[in-house]
Amino acid sequence: MNKANIFCTDTNMKVILFSEVSVGISANSILFISHLCMFLGESRPKPIDLYIAFFSLTHLMLLVTMGLIAVDMFMPGGRWDSTTCTFLMYLHIVLRGPTLCATCLLNVLWTITLSPRNSCLTKFKHKSPHHISGAFLFLCVLYMSLSSELLSITASLNLTSENFLYVSQSCSILPMSYSIKSMFSTKMAIREAFLIGLMVLSSGYMVALLWSHKKQAQHLHSNSLSLKASPEQRATRTIMLLMSFFVVFYILDSVIFYSRMKFKDDSIFVCVQIIVSHSYVTVSPFVFICTEKHIIKFFWSLCGRIVNI
């Protein structure tokens, strides 16, 4: 079977991919709308609400782009020209950068929010939402500018090439030259190592804070221990669960990617990698939705208002 045609013939992959994209778009939309409304509706808005809205928006954009590509994978008859193919593939690859930036900065921001008053991070607690949105946009633009080599990728309607990087019904994108590929891989490895290292440091700091807070609470309430977790503990567990999902899916994505490079004739790795690489952005909003009860209450009240109109 031609590798280019596996997307059209494998019904299981089609169902899994479209289900993943649909669920991810729905969950991220709920998270985005709820936190944006909470940020705009409060008299003293919390910066963390705005940033979680940014976090879900980047995931939403990535999944929408993937949905457009998936439609072209499975629907017969190519409809894209070379320009459309290049633009969507470039946009999809580049959007993975802001997703990583959003996860990293969310981790750092949560660490700052939960830090004690005597911490050196206290001075960053009262920064306005403009500083947060500005920092996020700056990192996104910087990340995208460092990916300028991707603009040189070639979109082609030739689906018979054995060296394709990505294939849909309309186009295949051929590999970059060795020099461009080496430069891009080096810069990508450096920035991903920096962002992941920052996440590891902030996660370790939060674990230390959680342990210290737990010991202090046990010492103060040794005679009447409460089984109810504090808001700080719940927030720390949420972000640690989020980081755990990120690490697991990142490792799986890397393993499948290198397996795909090794077994070039086994095109099933292409489909599996697409599904795994979008699993984190699909699962992550459920971490917030399931742990933050006010999101569920917000949507129940919103549905009640709509019914009463």
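Every residue, even glycine, has its Cβ placed from backbone N, Cα and C.
According to Swiss-Prot, SER82 and CYS290 sit on opposite sides of the membrane. Listed by sequence, the residues of this chain that lie at least six past the ends of the transmembrane segment (238-258) yet keep a Cβ under 8 A from its Cβ atoms are 103, 106-107, 110, 196, 199, 203, 206-207, 269, 272-273, 276-277, 279-280, 283-284, 287-288, 291-292. The average pLDDT computed for the topological domain 'Cytoplasmic' (214-237) is 61.
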